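Per TrEMBL, these features apply:
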type	residues	note
DOMAIN	A:3-180	domain 'Electron transfer flavoprotein alpha/beta-subunit N-terminal'
BINDING	A:Arg200, A:226-227, A:240-244, A:257-264, A:Asn278	FAD binding site
Amino acid sequence: MAVLVIADRDGNTVRDTTHKTVTAALALSGDVDVLIIGQGSKAAADAAAKIAGVRKVLLAESAGLGHQLAEAVEQTVVGLAGGYDAILSPATTDGKNFMPRIAAKLDVAPISDIVEVVSADTFVRPIYAGNALETIQSSDGKKVITVRPTTFAAAAEGGSAPVETVAGADAGKTAFVNEEMVKSDRPELGAAKIVVSGGRALGSAEEFHAVMDPLADKLGAAVGASRAAVDAGYAPNDYQVGQTGKVVAPALYIAIGISGAIQHLAGMKDSKIIVAINKDADAPIFQVADFGWVADYKTAVPELMKALG
Amino acid sequence: MKVLVPVKRVIDYNVKARVKADQTGVDLANVKMSMNPFDEIAVEEAVRLKEGKEHHAAGTATEIVVVSIGVTQAQETIRTALAMGADRGLLIQSDSDLEPLAVAKLLKAVVDEEKPDLVLLGKQSIDGDNNAVGQMLAALLDWPQATFASKIEIGGGKATVTREVDGGLQTLAATLPAVVSVDLRLNTPRYASLPNIMKAKKKEIAVKATSDYGVDVAPRLKVLKVTEPPKRAGGIKVTDAADLVAKLKTAGVL
């Protein structure tokens, strides 16, 4: 069987999430092609060609594909689908946006956010905010799957796949207006080895940044936030970790002033080591924390900064 | 403008789901059920489009039709939406839990009948966590889609939608009719007042069966088992920063 991986790319580079999706694809089949969708994306295609295990890279470029608009991506991918038994994409906001659309056009049931490949037709995915795992078997001839990147290892570099150009579609009824990306010098939340996350206890946006930013810089960490902190306006939306935000699984997750609601745990409970700093000894976060410290963040964080040297 | 809002009855978001001992699913007997939180936001936005709240012109929406697909008790979910300000409801009865593909096909049949200008729905249900129905409905209708909306402006035959994407915000203009799925920060849903709950009892809810639509709703996915996620080993408490840092170094994460 042949598998098509739709790459997650950023300008000239392919993101780590693509490498992780290739790992999931290789668990299905040895014939894995990577599709780069965009405009002016030759460099990204060359980068994808270096992923070990990739058979070939397909490059689809058109004006309508520049912003990965769902309608144009769907047309492009459906045009290529005939040659593939499975189509995979990382479960990023882009993947979640266009993959179900592709599935509906192909009349197949999409399989969202898999965390394990059991066999070529059987997969494991979390449901109910990660409180249950379902093992599902697909009877569809073609599988359309999004992959939770945090649970797969990244495929190595070292390949040298050929790059082919394929036709790209135009957007049609949707037009891109603009985008406002949050600029940050810190590691990306989804890929960071250490994440420090703040909750509602921090009380204000000023306090949130005054406490979290120096700690993150000291640890080379990304900054996350609970939904409560985001809803209160202490942190931007894309900091949110949880069922409705990002799912992270860093080596170290430090939760500061976060109670540990079900929806937050869904986004971080697969972290290797979880540290909780909270002054409420009964906070649910302590049930999942490897190291719990019952303390007010106002004294604990400065102490921690000092101990880190 | 007519707005169609699909809503789903799900386990209440505050309830921790328990896996059944026989691994056939999650135990929903005697568990509190509510409207999916994202769907509440969709209903609220539709009502604001009608009332002219926030940045919307009054009367942008002229009629709000709420549809739910599921068991008889899903009428309560529709009733909640009617009490929030929707005009009438439609229940498509089904005792089995339908997959997003089947739901999208049924909703397409409803759209073909009702001819709304906008379908407004939640980005995902908190039980299946699929995040798929809106996108699939848009595909089946060949309509444009704008997912994960945190701001919606209607005007000039377009829905201009700001979307929550990885890394920030993106704004798109989708030509109407369109499908828009809503994210958490679009609005704060209202509580229905007692008089409005009473008034909602007089509003019409049509009841149909999935078989009335001649749509293939056969499942494509077979659930082999539902299990509990692996439990984390019990942790330990620390009382000072030096101890914590030492332990993190021993664990190899610092």
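Cβ atoms here come from the backbone N, Cα and C positions, even for glycine.
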Chain B contacts among the binding-site residues A:Arg200, A:Ile258, A:His264 (Cβ under 8 Å): none
Local Cβ density at A:His264 (FAD binding site) - other Cβ atoms counted within 10 Å: 29
Average pLDDT across the domain 'Electron transfer flavoprotein alpha/beta-subunit N-terminal' (A:3-180), rounded to a whole number: 96
Winner by Cβ contact number (other Cβ atoms within 10 Å) across the binding-site residues A:Gln240, A:Gln243: A:Gln240
Binding-site residues compared (A:Ile258, A:Ala261) - highest count of Cβ atoms within 10 Å: A:Ile258
Mapped DSSP class for A:Gln240 (FAD binding site), helix or strand or coil: strand
Same chain, 6+ residues apart, C-beta under 8 Å of the C-beta of A:Arg200 (FAD binding site), given in sequence order: A:Ser226, A:Ala228, A:Ala229, A:Ala232, A:Tyr234, A:Gly257, A:Ile258, A:Ser259
